[in-house]
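As annotated by Swiss-Prot, active site, proton acceptor applies to 61. Swiss-Prot lists 61-62, 134-135, 145, 162, 164, 172, 175-180, 234 with the feature NAD(+) binding site, giving sequence analysis as the kind of evidence.
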């Protein structure tokens, strides 16, 4: 691999100790022509990133989500996620496994898996499409009253319910907020979407799973409630009356490196169920 980029969550490595270690190890194992350290809030020319053969992301799940949201529309470089954070459910390896991970990449003992992304636009608002690796949440503000929501699938009304909100989740996001709200766990390589009501006050409001090629439209009936759309828990936009949230499968994918010894169920048991 000739060109390698590194993105690090500086809040978790203020003295650059981890960054310097990773640069040293990358040179030792992969001997690249160039190593480019990229700020996670990068505002430069994205053309500079298109030549990367590998992007190493140092942080936790939040850092990976931010990278997916920010860079997925401009580069399709395989990503090696190294956990230096807390949960690290989405990452490829822990920092203690760095040597093994780089060696496996050196000898080609890895695979690149594609993860589904969601695309989100707000009807009635001039804004760019947003991308989400985990979920799009349409929900009331913290101090707001309960709101009512209409959910359409391919422009046909699916349900109307009162509650705190609704989560539109990818398979990757099924282990996040959706899981806490009673949504199903979904194998990450599937191309499906779950629709999960949050604290519904309407009888028989249950999660729904649909094919990823379907389009979802959420119409909050806003009266006295403040309602927001939140992308991967990182970016929030307040909705006004008559705004509708349009959600569909993005044309891009999040491409992450994985190893055969890290099975999905093994990670579930260890990090979600706390079973070794």
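Start at 1 and count along the chain as shown; that gives each residue its number.
Cβ coordinates come from backbone N, Cα and C, glycine included.
Here the features listed in Swiss-Prot are placed on the structure.
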{"residue": "61", "record": "active site, proton acceptor", "contacts (Cβ under 8 Å, 6+ apart)": "85, 87, 88, 89, 90, 91"}
{"residue": "134", "record": "NAD(+) binding site", "contacts (Cβ under 8 Å, 6+ apart)": "65, 169, 170, 172, 173, 176, 177, 232, 233"}
{"residue": "164", "record": "NAD(+) binding site", "contacts (Cβ under 8 Å, 6+ apart)": "139, 140, 146, 147, 198, 199"}
{"residue": "175", "record": "NAD(+) binding site", "contacts (Cβ under 8 Å, 6+ apart)": "89, 185, 268, 272"}
{"residue": "179", "record": "NAD(+) binding site", "contacts (Cβ under 8 Å, 6+ apart)": "185, 272"}
{"residue": "234", "record": "NAD(+) binding site", "contacts (Cβ under 8 Å, 6+ apart)": "62, 65, 66, 69"}
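In the three-state DSSP scheme, residue 145 (NAD(+) binding site) falls into the coil class.
Candidate binding-site residues: 145, 177. Fewest other C-beta atoms within 10 angstroms, 145.
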